[in-house]
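Residues or ranges marked as domain 'Glutamine amidotransferase type-2' by TrEMBL: 2-219. According to TrEMBL, the feature active site, nucleophile maps to Cys2. According to TrEMBL, the domain 'SIS' annotation covers 286-427, 459-601. What TrEMBL lists as active site, for Fru-6P isomerization activity is Lys606.
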Amino acid sequence: MCGIVGAIADRNIVPILIEGLRRLEYRGYDSAGVAVLNSSGHLRRLRTVGKVKMLQDAIVETPTDGQLGIAHTRWATHGVPSERNAHPHISRDGIAIVHNGIIENHEELREELTSLGYTFTSETDTEVIAHRIHHHKQKLGDIFRAVRATVAELEGAYALAVVSEDSPDRIILARAGCPVVIGVGNNENFVASDVSALLPVTRKFIFLDEGDVAEIRRQDVRVLDAEGNTAHREVRESALSADAAEKGDYPHFMLKEIFEQPRAVAQTLEERVAGGKLLEAAFGPLATEIFRRTEAVQIVACGTSYHAGAVAKYYIEQIARLPCWVEIASEYRYRNPVVPKNTLFVTISQSGETADTLAALRMAKQSGYLSSLSICNVPESSLVRESELVLLTRAGPEIGVASTKAFTTQLTALGMLVVALAKHHGADAERERGLVQRLIEIPGLIEKTLHLEPTIKELAKRFADKHHALFLGRGQMHPIAMEGALKLKEISYIHAEAYAAGELKHGPLALVDADMPVITVAPNNDLLEKLKSNLQEVRARGGELYVFADPDSGMQSSDGVTIITMPKHVSHFQAAAVYSIPLQLLSYHCAILRGTDVDQPRNLAKSVTVE
Ligand code: F6R
C-alpha cells in the first residue's frame, strides 16, 4: 500500500525522506516521488516508476535538497503505474500533496474543478484533492484552513500530507481511515505512514485520531479534531529499534522472518504464561469478566490472518467447547449477521490497518456483540485502539509481504485465547497446565523444524518448473494447507489450491496426474488413517506425493511418494504452528529458483488499507 514520509528541519531532509521511503518499501508500491522546497523557496518535484533506488538515482542526476519536503511510494488504484500518476501531485501556486487511500467522490469533484478551469495531468483521485486545496486557499487565504475545508468534502479514506510554497514553515496533515504518525524530533518534526520509516531520526511519536487535521512546524505540532477543537494527542515512545527493519545477514526479509519465529513465538508468550497458568489480564483489565460471559466466538480476518482464525475454530470448539465461526472480513462486513447472545468478536491482523477487518470491527461494535478482541502485531494500529480487549503478537516488524512470523505468533496468541476460554468453560488447573506447557514447547519445536531447511531447499528443485500444486490437510491442518497454498502462489506465482483431503474425490481428483505435485501435512492425529486413504487415491492416479509426516505415522518414501520426517512429539495443540514452517520454506526456495521478487511480490501490498 502507498507510503508517506515528510520532514521539516534545519538540515537537508532529502536523505531522511529517501531512507523513510526505503523503509516503507515492504508495503508494496509501483512508483515513488518527492517534492522539496529548495533554498530559493521553490517546489522541486521528482517522480520515477519502479523502485525507490530509481528515485535516488534521479536525485543524484538532478541534485535536489531542502529543509521541508514530502515523499511517497504509490500503489496504483486510480490510473496505471506511471510517472504522471505518481505522487506528489501539485496544483497552482506551488501546492504539493501526497495521499494514501481512495477518494470515492473524486469524479464529481473533478467535474466541478474542470468547470472552474483546472486542468488535470493525471488519472488519480489525489490530483483532485490538490486542486480542491488550491481552490479553497484562494478564498480562505491559509493552507491549513484550505485543507480543513477540502477534507470536509471528501468521501472515502485518506491520509494526506500537504506543503505549499507560501508556507515554507509547515506541513499540513489529515487522517480519515488511513494511518499517519508524526515523528517528534529536536527542533525538527517528521511525518510517515508508520513508525518504522522514522526510526533512524526519532523514537517519539504522536498518533493522529480519525478526523484529525494537524499542522507541524519545526518546534510545534498543532492538532484539531474532527469537530475543529484543539486536541491534545500524547507523545509516545516506540520500543522498536532502528535496525528491526534491516535484513542483517539474510538475503531476504522473508527468510530472516522465517528464522525469527522461535524467538517471536517465545516473546509472544513471555509474561503471559507463568507457573503453568495463563495470565488472562494480558488481554486487558476486563478480560476475566468477558471470557466468563462468552458463550460463542466470531472471528473475522483476511488472508493469512484468516487462516490463523480458521485453525483457532478447531481449538475453540474442541478444547473450550464453545461454538465458533470464522469469516473473511470483506464478506462479513456486507452481511447482516445474526449475533447470538454473548458472542465475543475477534479480529486478527498483522498490520491492524486492513480496511475490511477494521470496517468489520466498526460494524460489529454496532451489532450487539459481547465485546471485541484484537489479536494484532502493531500496538499503535487502529484495530488495537478501537478494540476493547487486545493481545499483541510480539513478532516485531514483518517486512516481507508474505506473512510468516506474524502467522505463527497469531496462532500462539489464539492458543492463549483458547486456554483463557477453556478455563472459564470447564478446564481445570491440570488441563490448563497441560495446555500452557504445549504452548511453551512450540518455539523449540519450530527451531527443530527449521533444521529441515537444506532438505526442503533440495525438494524445491522438483517444484520450481511446475505450473500447479495441490495442498492437502484434514481437520485443523486444512487451514495450514490453505496457508501453504497461499504462500506458494503469492511469492512463486505457481498456481496452488488447498483442499480438505476428504473432499478430493468430489472433484479435484480429476486434476491429479504426474505433473501435479500434491503436498500434504500429516501430523500424528486421529485423522491420520483417513488421510492415508486419501493419499492412496492420489497415488492410484499417478499423483506425485510430498508428505510432511510425523515420525510415528508409519509412512515411508516409495515410488512417487516422498516423506519428509518432522520432529517427534508434536501434539494436536502445536501441530498448526510447527507444520506451517516447512511450507513457508518450500515457497521461499521455489520463489528463489524462479527468480521472483520474494519480499515484494508483484501486485501485492503489505498493509491493505483500501477496501
Ligand atoms: C499473505 C498475507 C496477507 C495478509 C492479509 C491481511 O502472506 O500477508 O494475506 O494476511 O492481507 O493482513 P493483516 O494481517 O495485516 O490484516
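Glycine too: its Cβ is placed from the backbone N, Cα and C atoms.
Keep in mind it's a predicted model, so treat the numbers as computed, not measured.
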DSSP three-state assignment for Cys2 (active site, nucleophile): coil
Tally of helix, strand and coil residues over the domain 'SIS' (459-601) according to DSSP? 64 helix, 30 strand, 49 coil
Would you list the DSSP helix, strand and coil counts for the residues of the domain 'SIS' (286-427)? 63 helix, 28 strand, 51 coil
Round to a whole number and give the Cα-to-Cα distance in Å for the pair Lys606 (active site, for Fru-6P isomerization activity) and Cys2 (active site, nucleophile). 10
